[in-house]
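Feature list (source: TrEMBL):
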type	residues	note
TRANSMEM	15-38	transmembrane segment
TRANSMEM	50-68	transmembrane segment
TRANSMEM	105-124	transmembrane segment
TRANSMEM	136-156	transmembrane segment
TRANSMEM	205-227	transmembrane segment
TRANSMEM	253-274	transmembrane segment
TRANSMEM	286-311	transmembrane segment
Amino acid sequence: MNQKLLHLIEHIANYVFYVEFVVSIFGFIFTLPHLFILTRKSMRTSCTNSIMMGIAIVDIIVLLEIILNRAYGFWILENPCLNYESYNFELFLLIGEFLGDTGERTSFCLGVFLVLIRLIITKLRGSADSLSSSVFGYIVFILLLILHSLISYSFYSTFFLREWPFSWKPNEKCIELPQNYSEKVYIRASKVDIILFDPAECYNFITGLSKIVVSVMYPVLALMLILDIRKSAKTASSLSEKRAKERYHSGRMILVMTIFYTIASAPGGIANFIEVYIEIPTDSLLMVILGQGSIFFQALFCFNSASHCLINFSMSTNYRNTVKMAFGFQKNDVLTVSRKTTRATKI
């Protein structure tokens, strides 16, 4: 392969590596208050908000794993006085990958269920009270988290940390360590004979299939939901203009989230399927793109996670009111309204 092209791809990947680190930090900072808002009493009223809460939880886990993993690469690997292949560091990376993969797949599936359940509720209208309750959203979140945890466990449980016959010795510049100091080195090994069964291939197939299903189902379900909401909004507009606007804003919010979810999930799913079904030459351009592609795919996930807070704030009236209430910006307004009216004011 052309060396100039190879260096260009690696240079772009390294740049995206730093962009991903910065975006993951901002995403983590934005998602924390986003989760705080979703846990307020005024937001714990529907299945939709419960699933959004679950998405925020797993997004925080994935973003934190990315931040710690990148910090490990930036500072631990570059420190000649630290054994980055110690048992603790290797175990940290293994657990981090398990949590990151589980959280990422759970987040994508929760996005699909967010649209699917909302579509069912809209179709059934008044006969779907049990589906629209916040408890049902919690159940969906817990079940999906358990399911994807088991999928990840089936793959990561095939690994164990094996002690390497060579010891790690610090650099001569590490004067704070005693002379002849050494530590044990551990590597990740597989318990499975890959000649008979390759767990990575099966895992890539499941991961790729889930991402492809998300990227295909999400736009279809979202389009059906938006069309149904627009149809019902026309009926509701004659009874309540406020209700019609809320339905329109809800449909627009789900449409924007659909676009972000599809962009974040589709490329990674395609890459997983390519690795399973295509024999890729070692020094080919495709091998380099797929090898560096994981950085791009995680960067897309970070952008998607960071966008949830902004999308909800810009398109949900209830969310904005809860933000104002939580941070004390609307307290006086609520008290004034309650004095002028005898009925209870619901925010």
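Every residue gets a Cβ built from N, Cα and C, even glycine.
TrEMBL entries are annotated by machine, without manual review.
It should be emphasised that the depicted structure is a prediction, and the values quoted were computed from it without experimental measurement.
Counted over residue pairs separated by six or more positions, the transmembrane segment (50-68) shares at least 3 Cβ pairs under 8 angstroms with the transmembrane segment (136-156), which defines the two as touching.
Listed by sequence, the residues of this chain that lie at least six past the ends of the transmembrane segment (136-156) yet keep a Cβ under 8 A from its Cβ atoms are 46-51, 53-54, 57-58, 94, 97-98, 101-102, 105-106, 109-110, 113, 117, 130, 199-200, 202-203, 206.
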